[in-house]
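K.L.:
Starting off with a structure, shown below.
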Amino acid sequence: MAKTAKSKQSVDVADLTKAQAKVEWKRLALELETHDRLYYQEDAPKISDAAYDELRRRFNAIEKRFPELVSRDSPSQTVGAAPSGRFKKVRHAVPMLSLDNAFAEEDVRDFVGRIARFLKLAEDDRIAFSAEPKIDGLSMSLRYEGGQLVTAATRGDGAEGEDVTANIRTLKDVPQKLHGRNLPDICEIRGEVYMTKQAFLALNERQKEAGDTIFANPRNSAAGSLRQKDPTITASRPLGFFAYAWGDMSAMPAETQSGMIKWFEHCGFTTNPLTKLCHSVEELIAFHRAIEEQRAELDYDIDGVVYKVDRIDWQERLGFVSRTPRWGIAHKFPAERAMTVLKDIEIQVGRTGSFTPVGKLEPVGVGGVIVQNVTLHNEDYIKGIGNKGEVLREGRDIRIGDTVVIQRAGDVIPQVVDVLIDKRPADAEVFAFPRKCPCPLHTDVVREETAAGEEGSRARCTGEFACPYQKIEHLKLFASRRAFDIDGLGEKQIQFFFDEGWVKEPADIFTLQKRNAKLKLEEVEGYGETSVRNLFNAIEARREMALERFIYALGMRYVGETTALALARGYGSWEAFHDACLKVANGDEEAIAEMDALDQIGETVIKSVAAYFGEDHNRGIVERLTREVKILDAEKPKRNSPIATKTVVFTGTLEKMTRDEAKATAERLGAKVSGSVSKKTDYVVAGPGAGSKLKDAEKHGVKVLTEDEWLQLIGE
């Protein structure tokens, strides 16, 4: 899976009230169903495996404490996701269930203990386990009748999958006819379709050159390659298959899991060579550690190891519980670390001129994702110094050419957690942090001050909007959803227009159509008459803009959406705001005092406004833009609404409007929206997933509303 999902709750399950548990159970159920669909149907996971496991762990813990919440369609009772509808459906004769997870050695000991108790074994009875790496690929069931492959189906929701027979026939690891004699009439062989890391990198290079989809990780590329309507596309992709299980069998050719693995090999299948027979908990844990040590060296992704009771008659006695077998478990790996070489360090310049050093890595798989870039934060971080002056990595600095250890803790953004000094080459290069901006202007770089007036760790270019790097980032902000929100003008299009010299400042966006007779945009690759017409219509639709959005779109430092709204409400019109800004820039004490008196406006914002409007270049940008755009007066908050002057906090997931919409509506009706609950809070609007803020509301005696009650209160 891909990126992480931050947990929306902080209350321990043991501390949840029944009402809180019910709300969170519903939210987690919906979230898990969504991620199952993205993973199993669309091959486009939005969170990492570790983050998904954490969600499911919490969900299961809630159901364990409140068993009355469990329902037939609960994610704890189902597997995967329903077939997508792109392929013919196939009913599994024997359901394809998933394994329960173990995250700690204690979980493995509990697993073995449960089996011994269930089978009523004596203390000296030994249980043999077949242990194997857990391949991170796409589960597949292959049905053979009379030794011939007749159907290949994906897992789907465990009961029903998708027919991908034509595509599976293109895999060299899948025999069309089983080898050997005296084969059972019906054999269902199950295993994992995967793509090697090397093949994945090569495929992405070809995809990039062809302008096609770039896959996030080998698992996604394997799934996407297999679920093609055209089998020739699948045939062109280097997919492998490991056999490790079975489904419907008219006769069993072996009495043990390990015996079945050998039989798969005799039939012509590839099995994982690291599979091993273990006879104790200690051997299982040693196997897990050994595989984890080899993980980075393997040419395919794994996310844990699997333990299965070896004796098939014991597997049958143990049976299943809900969606998982009692006889098997997946022992997952912790947040993955990987070693790689830092090839270079590049500087990225942000919209406000902030410098961010980015490490360029030899591509390496971490947590199911190929990582090539890593943020190095700032100059001090590279030197081994933290934001508060603390020592990082025992003071080891980061040099170009170093072997570094990177980690996706919780599988979030990769970070450098260590530098291997013993692997440092003699020619490792100390990174010289630039004192001039890398832009053509080569303007000076300064270190920002902290709130205490001390030198901070963040470096910034002083070129402002004359700096082309800042220009392009400002243009991206200007067209973004929270500013002018111009449909069809995303970051990619802005970059293209900027590189071509067609859009250098915001006003240029509104003159594109006028200049198109010369530009001939419809002749540019990727555009046509219809798309160009749609773009121009979208631009025209933004010729009128709310004052707060306009102020935000100017991109002044420290002026985010909330501050922009406060300024818009404080001055009411563009004319009044513009006049005040010019006076503030000229040091007019009365104007400065008036701005300082506004709600949520302080010295930092005033300095930023003064600096912005004190520059001739910026005033020119604003003047040219206001010739193209009509700026609407700020909407005055309704003072007669039931929430006028009230303080509102939103928490949890809102289902009938986005958080931004709810915030905007509340502010339009005269309320103040806060991010935390205090004695001054009037209402907490709680949706599914509401966590600690509900407890805070109870502590302070604040009224809690559901989303429906909130909408009823405001009359919407």
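Numbering starts at 1 and runs along the chain as displayed.
Each residue, glycine too, has its Cβ placed from N, Cα and C.
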K.L.:
Hey, Swiss-Prot has Zn(2+) bound by C437, C439, C467. Any idea which of C461, C581 it lists too?
P.N.:
C461
K.L.:
If you run through the domain 'BRCT' (638-716) with DSSP, how many residues end up as helix, strand and coil?
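P.N.:
Per DSSP, the residues of the domain 'BRCT' (638-716) fall into 27 helix, 15 strand, 37 coil.
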K.L.:
Most Cβ neighbours within 10 Å: which of the binding-site residues L99, C439, C461 is it?
P.N.:
C461
K.L.:
Near R155 (NAD(+) binding site), how many other Cβ atoms are within 10 Å of its Cβ?
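P.N.:
Other Cβ atoms within 10 Å of R155 (NAD(+) binding site): 24.
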K.L.:
C-alpha of D53 (NAD(+) binding site) to C-alpha of C437 (Zn(2+) binding site): distance in Å?
P.N.:
43
K.L.:
C467 (Zn(2+) binding site): which of the recorded positions A51, L99, K134, R155 is the nearest Cα neighbour?
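P.N.:
That would be A51, the closest of A51, L99, K134, R155 to C467 (Zn(2+) binding site).
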K.L.:
Looking at the recorded positions K134, C437, C439, C461, which has the shortest Cα distance to R155 (NAD(+) binding site)?
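P.N.:
Comparing Cα positions, the closest of these recorded positions turns out to be K134.
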